[in-house]
Amino acid sequence: VSARFRRNLQPTLTYWSVFFSFGLCIAFLGPTLLDLRCQTQSSLSQITWVFFSQQFCLLLGSCLGGVFKRTLAQSLLALFASSLAISLVFAIIPLCHNVVVLAVVMAVAGLAMGCIDTISNMQLVKIYQKDSAIFLQALHFFVGFGALLSPLIADPFLSDTNCILSNGTANASSNLPHIRKSLLPHHPGNLSHYDLPMKGMVVTRVSYAFWIMALINLPVPIAVFFLLYKERMVPCFNGSSHPLLSADELALETRPGDKDELSSAGHRPHTAAGHEDLFSCCQSKNFRGASFTYFAVHITGALVLFMTDGIVGEYSGFVYSYAVEEPLAVVHKVAGYLPSLFWGFITLGRLISIPVSYRMKPATMVFINVVGVLITFLLLLIFSSSVVFLFVGTASLGLFLSSTFPSMLAYTEDILQYKGCATTVLVTGAGIGEMVLQLLVGSIIHDRGSYSFLVCGMIFGCLAFTFYALLVFFHRMYPKPSPELDEASPDKAAVPEDTGQYQR
């Protein structure tokens, strides 16, 4: 593993840095949205739909990201364009004085984030195959690190009072911290009873935060460009691009007696490699000869992440609103630490998971995660009147949810022998879950009260465990590769000599 890491050091570090861009872009909107409301002079309900444009286009970008996987050049060019787009979005946001323009800009950011999510996961799985678990854990650590950093950058520039000065400012400003935290659930209905002025003199310094984030993110597209240049894939310097071979083809390349097979396989790379975009995955040619368990593994793996990533979204969005309501009635300032604590322990958990995943199988890690989520929600329900246990449970939930996505991705790809469309399907399922469950829980809390927040989490945790049990069941039924195929499988492939280039 260490030898392969040294051989692929630059691409691995590049993919990790690109995921830092993803994290930087995913977490800044919540704390800065009130200042952006002032900048665009829009209502609270109007500005919160900017969340939806970002999340919807992130999901769309995740579905389309696999389109760029056909060659390494396409993948890297897509990552370069996406990371550069995120820097440009940060630079352009302060110039958006209309809420519709801001929503369009955030939609572009969502598309870029979706492409980054799919392509980076795909490429690391392609490079490391059965050893990819530890590198996927590190990849998702950088998301958490970026998600922690962007609110810290924005915090000194946020307005302490309402940033539109008018006659009603004094009354509106007293509720400002509570309104700012209430924007995190991405649910406009929760804010209908707040009235902030829409006309007046705009006083906000949040533009500086976005320009700082644009500068911090700028080295990321530069790093991708250097990787393109090293691999001689910059269009203006080298017109030819090199196809990204599958691991099966790479194994055959080291066996001289199979050159004819390799040349014939070169004309059908998609049937061997998988990892296509969602629409290519749904083509009938991919279904021919596939067993029932082939589809079941894809579906149950996606459903596990639909639930667990949905829990991440709904918990980080609604834990503040739950804490400030009865019976806990936590002080607004203290409750504001809960989302930060949750994301902090997600980041810590991903850091801890890097060495743990080297010793523990992905299936075992996913089992510990889903059981831990279930037990945590059960204890939160039992001790629902304890403020102390709310903080302890929030930290515990962050730890157990932290490594679920990369562990599930490694486990599912391993079951399918790195064929099929596992990465694309799982990334898409996770994105849909994060968007849908937030809206669902927001509606239920609005109708049933804050206690339903924990009940929903418990139900989602039970469903995640059920789908995981089904995945294990289908894993046992899934046909094992024959010994002849196993010799040429990614797990048994001979490691090619270090030529300075990787997996072309």
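The chain as shown is numbered from 1 upward.
Note that Cβ sites are derived from N, Cα and C of the backbone, with glycine treated the same way.
Annotation comment: TrEMBL describes 482-504 as region 'Disordered'. As annotated by TrEMBL, transmembrane segment applies to 12-34, 46-68, 75-93, 99-120, 132-153, 208-229, 292-312, 334-352, 364-383, 389-411, 423-445, 451-474.
By the Cβ criterion (under 8 Å, sequence separation of 6 or more), the transmembrane segment (423-445) is not in contact with the transmembrane segment (208-229), since fewer than 3 such pairs are found.
Remark: the transmembrane segment (208-229) makes no contact with the transmembrane segment (292-312), by the rule of 3 or more CB pairs under 8 A.
Counted over residue pairs separated by six or more positions, the transmembrane segment (46-68) shares at least 3 Cβ pairs under 8 angstroms with the transmembrane segment (99-120), which defines the two as touching. Long-range contacts of the transmembrane segment (389-411) within the same chain: residues 121, 125, 132-133, 136-137, 139-140, 144, 301, 304-305, 308-309, 311-312, 315, 319, 323, 328, 330, 337-338, 341-350, 352-353, 356-357, 361-363, 365-366, 368-370, 372-373, 376-377, 379-380, 383, 422-423, 426, 430, each at least 6 residues beyond the stretch ends and with a Cβ under 8 Å from a Cβ of the stretch. In this chain, the transmembrane segment (99-120) does not touch the transmembrane segment (334-352); fewer than three CB pairs sit within less than 8 A of each other, excluding pairs fewer than 6 residues apart.
Tertiary proximity for the transmembrane segment (12-34) is limited to same-chain residues at least six positions away from its ends with a CB under 8 Å from its CB atoms, namely 5, 47-48, 50-51, 54, 79, 82-83, 86, 89-90, 106, 109, 112-113, 116-117, 120, 123-124, 127, 135, 138-140, 142-151, 153-155, 158-159, 163, 176, 179-180, 183-184, 206, 209-210, 213, 216-217, 219-220, 223-224, 226-227, 339, 343. The highest tally of CB pairs under 8 A with the transmembrane segment (451-474), across 99-120, 132-153, 292-312, 364-383, is held by 292-312. Remote same-chain partners of the transmembrane segment (292-312), defined as residues 6 or more beyond its termini with a Cβ less than 8 Å from a stretch Cβ, comprise 346, 366, 369-370, 373, 397, 401, 404-405, 408, 411-412, 415-416, 420-422, 425-426, 428-434, 436-438, 457, 460-461, 463-464, 467-468, 470-471, 474-475, 477-479. Same-chain residues lying 6+ beyond the ends of the transmembrane segment (364-383) with a Cβ under 8 Å from its Cβ atoms: 133, 304, 308, 311, 353, 356-357, 389-390, 393, 396-397, 399-401, 403-404, 407-408, 411, 454-455, 457-458, 461-462, 464-465, 468.
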